[in-house]
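A.B. asks: OK, TrEMBL features for this one:
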TRANSMEM  A:69-90  transmembrane segment
TRANSMEM  A:97-119  transmembrane segment
TRANSMEM  A:125-145  transmembrane segment
TRANSMEM  A:157-177  transmembrane segment
TRANSMEM  A:206-225  transmembrane segment
TRANSMEM  A:245-274  transmembrane segment
TRANSMEM  A:286-311  transmembrane segment
TRANSMEM  A:317-335  transmembrane segment
Amino acid sequence: MKKNRYALLIIALIVGLLASMTFAVMVGSVDITPRIIWELLFTKLGLSLETTVSNPQSIIIWEIRLPRVILAAIVGAALSISGAAIQALVKNSIADPYILGVSSGASVGATSVILLGAFSAIGNYALSFAAFLGAIFAVIIVFLLARVNGRISVVRLLLAGIAISMVFSAITNFMLMMSKQQGGIQAVMHWMLGSLAGAKWSNLGIPFFIFLLVFTLLLLNYRQLNALLLGEETAATLGINLDRFRIFIILFVSLLTGVIVAVSGSIGFVGLIIPHLVRMMVGSNYKVVLPISALIGAIFLVWADMVARIVIAPEEMPIGIITAVCGSPFFIWMLRRRRYSFGDGE
Amino acid sequence: MMLQVKDISFSIADKQILHNITFSIHQGKFVGLIGPNGSGKSTMLKIIYRHLKQTSGMVTLYEDDIIHISQKKLAQEIAVVSQETPVLFDFTVKDLVLMGRTPYKKWLANDNQEDFAIVEESMHLANVQHLENRTFNQLSGGEKKRVMLARALAQQAKILILDEPTNHLDIEHQYQLMDLVKGLPITIVAALHDLNLAAGYCDELLVMKDGALYMEGTPEEVLTEETLKRVFHVQAGISKNPFTKKLHLFFYTKQ
C-alpha cells in the first residue's frame, strides 16, 4: 500500500518535472509552443523526419534553452541529494552541501580566474576548472582537520568547515577589495550568487554522470544513511563501519557538489530546504527521501531559473537570489509548523 | 566459552575508568551487571560491543578477539539496547524495527518476506505491534525503549546487551520486559539498577565498584547484607519473595 503510494508520487513528480521543463523552454523572449519542443526533440533523436520547426526556433530551443533547463534540473537534483546526505553525515538539520567548505573554496578559484586571469591557458573551461579545484582543495583541508587519530569527528567536521569557509571567504573578499576592475567585481558577484547562463550541451555531460553515479551510490547505501540518524553508537551496533562510511559520503558528496558549483556557482538554499520539505512529506527513510528530493529539487530549480531569466528581462537575475527569496518564506512557514521538528526529536 | 573479558583496563586521558577486569559469560545465561553510579557498568558494556576501545586487555567472542571481527559480523552476533537513543528526524516504528535487519543486508538486497516476518515477530514480542505506524518521536519514554528492544530483537543476535533496560518503564512494563528477555533463547548481559529485578531474573551477577570487578556469582552468593553495605552503602534486609522464591531485598537508612 505504502510502497504504491511512493511509486505514484515518484511518477507524478517525473511528469511534473517534464512538464516544468517543457514550460521553462517555452518561456522567454521568443514564444515557443510545447508542440514545437517535443517535435524538435523527436527529430533530434531521429524518431521523426518531418518537421515544421524553423531554424531560428530550433537554435533557440536546442542550443540555448534546452541545455539550460536540463542543467537546472541536474543542479537542483544534485544539490538536494547532497544536502540530504550531508544532513545525515553530520547529524545536523542546518547542514547544507556547502558546509564542508565547497562553495567558499570554489569562490576563491572562480574569483582568481575572473579577476586575476588564472588558468587562462585552458580558455573557456578555466572558470569551472578553478572553481572545482578550489572546492576540492577546501574539502580536503576540512577533512584533514576533522581527522583525529584516524577517526572523523562530526563536530570537528562542522567547525573545520566553518573555519575554512571563513578563511576562503576572506581570500575572496581580499581579491575583490584589491581589484580595480568594476566589471570583474560584478562578474564575481554574479558567479557567487549562481547562474545557469553558461549551460551548453558540452558541459552537461560531467555533471549528469557524476550526479547519476553519486545518486546511485547513495541510494544503494540508504540503510547506512538511515542508521546514521540513530546516532553513532547505534549505527555501529547495526554493523556500519562508521569511519569508512563517513569517508565515502564526504568523498562522493564533495565530488558532486564540487562539479555542480563549478558549472553553476554556489546556488544557496536548495540543498538545505528541499530535504526538509521532503521529510515533512514522506518521513526520514532515505530510500524514499533520496529520489523524491532529487525530483523536487530539480523541479524547484527549473522554476527558479525560469523566474531568474524573465523577472528583470532582458537582464538576468542571479538564481541564488530567486532561490532565497522563494525559499525563505516557505522555510519560515515550515519552521512554524508543529508537526515537523527539524530532527529535534521533542 | 561464549564471551570472555580478559584483563580489561580503560582510561580516558589520565583517569583510569576500568581496572583489570576479567570475567566469562556462558551461552544462554542471563548475566546482570550491578554497581553504583559511576562504577563503570556502561563503560564495560561499551567495550564489549566495541563502541569504546580498551586501553589494554582483550574481549573474545568464541575465542576470537573481537578486534578482528568485522563490524557487520559483530552486529550479527551482538545486539545492543543502549540507555538513550536520540533519533534525528523521525521514523515510523516499523521502519525503525526493520533497521534491525541492516547487518544482514547486502548492497542491492531488498527487504524480503523473511525480514518482515522477523520484524512482525519482534514487534509482537516487545509488545509494540499496535504502535507500528506511529512515529518514534511521538512515543513515551517507555514505548521508545520497547521499540528499541524490538529493533535489537530483529537483529537476531546471539548476545543481547542491555544498558539499564528498565529505565523509563512503569512497573508493569519493567516486569513484562524482564519476562520477555528472560524467555529469549540467547545470552543476555544487562546493566541493572534495580537489585530486586537483578535478583529475580539473573542467573549470575557481576558486581562492579570503582571501575573494578568486586565480586561475581549467583544472586544468592552476591547479594548479601555485607556486599550491599560495602558496594552500595545501604543497609539492606534480605528475605525471599513468597511467590517467586527469589531473593527479595529491602533497604533502609539509619535515622
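Each Cβ is built from the backbone N, Cα and C atoms, and glycine gets one as well.
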A.B. asks: Are the transmembrane segment (A:286-311) and the transmembrane segment (A:125-145) close enough to be called in contact, which here means at least 3 C-beta pairs under 8 A that are separated by 6 or more residues?
C.D. replies: no
A.B. asks: Taking 3+ C-beta pairs under 8 angstroms (sequence gap of 6 or more) as contact, is the transmembrane segment (A:206-225) in contact with the transmembrane segment (A:97-119)?
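C.D. replies: They do not touch: fewer than three Cβ pairs between the two stretches lie under 8 Å.
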A.B. asks: Do at least three C-beta pairs under 8 angstroms join the transmembrane segment (A:69-90) to the transmembrane segment (A:125-145), pairs 6 or more apart in sequence?
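C.D. replies: No, since the transmembrane segment (A:69-90) and the transmembrane segment (A:125-145) share fewer than 3 Cβ pairs closer than 8 Å, they do not count as touching.
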A.B. asks: Please tell me whether the transmembrane segment (A:125-145) and the transmembrane segment (A:245-274) touch - that is, whether there are at least 3 C-beta pairs under 8 Å between them, with each pair 6 or more apart in sequence.
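C.D. replies: As far as Cβ distances go (cut-off 8 Å, pairs 6 or more apart), the transmembrane segment (A:125-145) and the transmembrane segment (A:245-274) touch.
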A.B. asks: Could you tell me what the rest of the chain brings near the transmembrane segment (A:97-119), counting residues at least six beyond its ends with Cβ under 8 Å?
C.D. replies: 79, 82-83, 86, 90, 126-127, 129-139, 141-143, 157-158, 160-162, 164-169, 171-172, 175-176, 179, 181, 184-185, 187-188, 191-192, 250, 253-254, 257-258, 261-262, 265-266, 268, 271
A.B. asks: For the transmembrane segment (A:317-335), could you work out the same-chain residues 6 or more beyond its ends whose Cβ comes under 8 Å from its Cβ atoms?
C.D. replies: 189-190, 192-196, 264-270, 272-273, 276-277, 280, 300-301, 304-305, 307-309, 311, 342
